[in-house]
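So that you can see what the record holds, here are the features copied from TrEMBL:
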DOMAIN    291-482  domain 'DUF7580'
DOMAIN    566-786  domain 'Peptidase S8/S53'
ACT_SITE  Asp574  active site, charge relay system
ACT_SITE  His612  active site, charge relay system
ACT_SITE  Ser771  active site, charge relay system
TRANSMEM  772-795  transmembrane segment
Amino acid sequence: MDPSTKLRIFVEHSGHLIFKHGLGQMSSDTGSLGTQLLLISERLETVNSEALTNGDIPELNKVTRKLESIAKITGTSYSPTADIDRLRNSLAEFLNSSDHNERQQLSTNCEDLVEALQKYESIDHILDNPPGSEIIEYSASVKRKLLSGLRNNSICTCVRPDENQGSPRWHPTRLLLQQKPRQDNRRVIDFNTVVALGPKERWRNVCLSVPLENSEGIEGEISPSSGPNHEQGSDLVRGLFCYILRNNTFTRIRFVFRNGNFFSEHDVRGFEPRLCPGIGITLTTVLQKYTLQLKDKVELAHMTAQALWQFYDTRLLYDKWNSDCILFMPEERQGIRRIPIKPYVPVQFEVSEENIDEYLSEKLLPHRYPRILAFAIMLIEIGLGRPLHLQRWDSLATQVNTDFEVASQGLNELKETPWENSSDKSAFIKAIENCLRYENFGPIDTTSAAVPSPAGNQDGRTSLQIDHTRRAFYDKVVWPLQWLVEFGHQSAGYLCENQKPLQISRASSTRKDLEEDIQFPPTEFHASRRINPKNWLSNLKDINKAIHPKLQNLVVDGQGVRVGERGIRVAILDTGYNPEAPLLAVEAAARCFKGWKDFVSGSDVPFDSFGHGTFMATVLIHSAPISEVHVARVAENTNNLGQCSHQVAEGIRWAAFEQNADIISMSFGFPAFDNETYGPISKAIDEVKMKRDGQIIFLASAGNSGVYEDETFPATHLSVISIRATNCLGEFMNTNPRSRSGDSEVFGAIGDDIPPHLRDFYPEVSLPGSSAATAVAAGTAVIMLAYVLVLPQLLKTEIREHKLKLLWTTEGMRKMFMKMSDDMGQQQRFLNPVKFFCNKPGAFDKYCAIYDCL
């Protein structure tokens, strides 16, 4: 028996004994406590095993420690046979002797634990226990009204002069796939459709509102008693779409079903974006030419799965749903053409010649439900972001066998493709795996005398069997995707076209074909070896060395200027720098310095009479040798810094406007109560942020006076990332300022454990603290900006570079710092770039992490 099981039994037995004691003493409070523990023991069976084994549930730790202290038994080593009497006696003694407050505290902790365990419920348990589908299910009556209304009123009764062979029988009609029924106070469902005169004509938005209750009358069969010349408010009758489509207004048309017919009503939504003429863009084309974010993929998969489930037993499913029949309709607004992430499916008004039975009874088939198999392939394509290579065969058995083989290969590839959240991926994979196991969907036995014999359909399948398949499809496929959407995924809204169309063949490709990554030399990064924290600076240098060759290959403009030749620009505002300092005089370091400005004495030659700026430059260049360093001398020393606010403000403008710095690093601070200093510096920061459209990153040290002073300025400015100091283990130093009540998380970078050879030249000013930590944080920001610049070389698939540009803002870098930092408790986060690069070994892993945090 494993320790977690022993712990659960320990809690269960404790609950039984306490409940029994409460009955004997006729104590409702004691009985309630026992009931809570029994409920906890049940919930523990559904908890994520990893969280349980690792002790990641603090509320559970509180309860078990209290029970263990009462029984003097360790829960994870509890033996039901050997320890039960001891447990019974200990609990009885506690319940008889302890005061009410102590028992009440244990009861409160149990209540907190019951609520907390919901957050740790295992994904397998969640997906294996789907909720009822009744809340979001269209009734048969609603579907009959909708489809009959569309069928009757899409019939074309007009003949145009330019048509030699007459008009098409039905107007092209597309139904928008929605996540769930949209209900208003009148208890109606709005179905959004688009209709056109012909396949290449302009589309009109038509909304059909169908009541949830089963109305009297014809129930969706439209009476042909009236002609197309009726005014607003008259019956929507057979062929009336012809009249509507010839009206060139672009307002959205809305019809409400009442008394067996549809009636037009004024639509308060008014004008809709103009849909462009044409048949639309297939999902196959979207996967080839556009980028789908993970959130888009999840929502698209869910919308199509839910719609397939809703209409599985209708004429919409005469054809298989695949990536060629799901359509996206471009829209035009103010001359701009965009493609909303709104999938449509063509409404089928007659059975196609290629129609395939819903169920196949032939022997030796790996799958018996062609529609569900086709949908599984579409899910795989959505997950991979590209079409699969499918071939057409004359033999039905050959077609099913080859399609199943392609689907299995695609699923294996998807399993190897990294997603940012493993729970999200497992739910998506589970939906596909359930699709591919045809046993999940029946058939059920209808020969039993207890089961009525309903009428069959054209496939020989009874409506009862088809309904069973539908419900199984909800439980096995729709629910995992629904859980993903409800878990928090929101679609981006519009498709983003690739700068270069994806040229990946429909044949299977491996993840290795789609990416490479920079190679880190030290074996410490791999082979399961522990990283030595004392070597933090060497590890940062190794990351820089790995990125550097890719930077040299990166051309950023038409004149051939390479990022590798100019680096990521960092402006250091400090006491200057001494180019003769031993660690800065070497050729490799000297090449990093590209800009100098003295706002104190106006010297054209770099110098530093105090040494603080030299130390900051030394730490930065050794943390990020790929930096391009621009130094502004804004103070002679730290003693007269308080009189230099105007110099600091001018240094900020010089760095931003003349040097075009990406990062401004300020390893200094003014007392929080010195309001006279705020004005010029705040104004300069705000001016730079506005004129640079936010495309600049500000870093400043938080201060070193411990609990005796508050956080210093400009670290307190909203557009500045405040940096505190830690040692190489991530432990925050006592010299950091106290955090104000209500503050959000604060960041710490290594400001202690600086290698001695970096401190030798100016030992008086190279003390541990937030100044050095700010320089290290600046180096970390340089590494991340440089890595994002080389990502297009590493990933052979298209990436959304416009989103990654957010990393060049203070807000974007703050989000990146959150992603790559360790939670040290008390809202303190330790910047750990080495761990970030170590734990995400592939370029795509890092790209997903960066993209997700932005």
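Placed from the backbone N, Cα and C atoms, the Cβ positions cover glycine too.
Locations of recorded TrEMBL features on the structure.
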residue: Asp574; record: active site, charge relay system; DSSP class: strand
residue: His612; record: active site, charge relay system; DSSP class: helix
residue: Ser771; record: active site, charge relay system; DSSP class: helix
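Listed active-site residues: Asp574, His612, Ser771. The one with the lowest count of other Cβ atoms within 10 Å of its Cβ is His612.
You'll find the Cα of His612 (active site, charge relay system) roughly 9 Å from the Cα of Ser771 (active site, charge relay system). Separating the Cα atoms of Asp574 (active site, charge relay system) and Ser771 (active site, charge relay system) is a whole-number distance of 10 Å.
In the predicted model, residues of the domain 'DUF7580' (291-482) average a pLDDT of 82.
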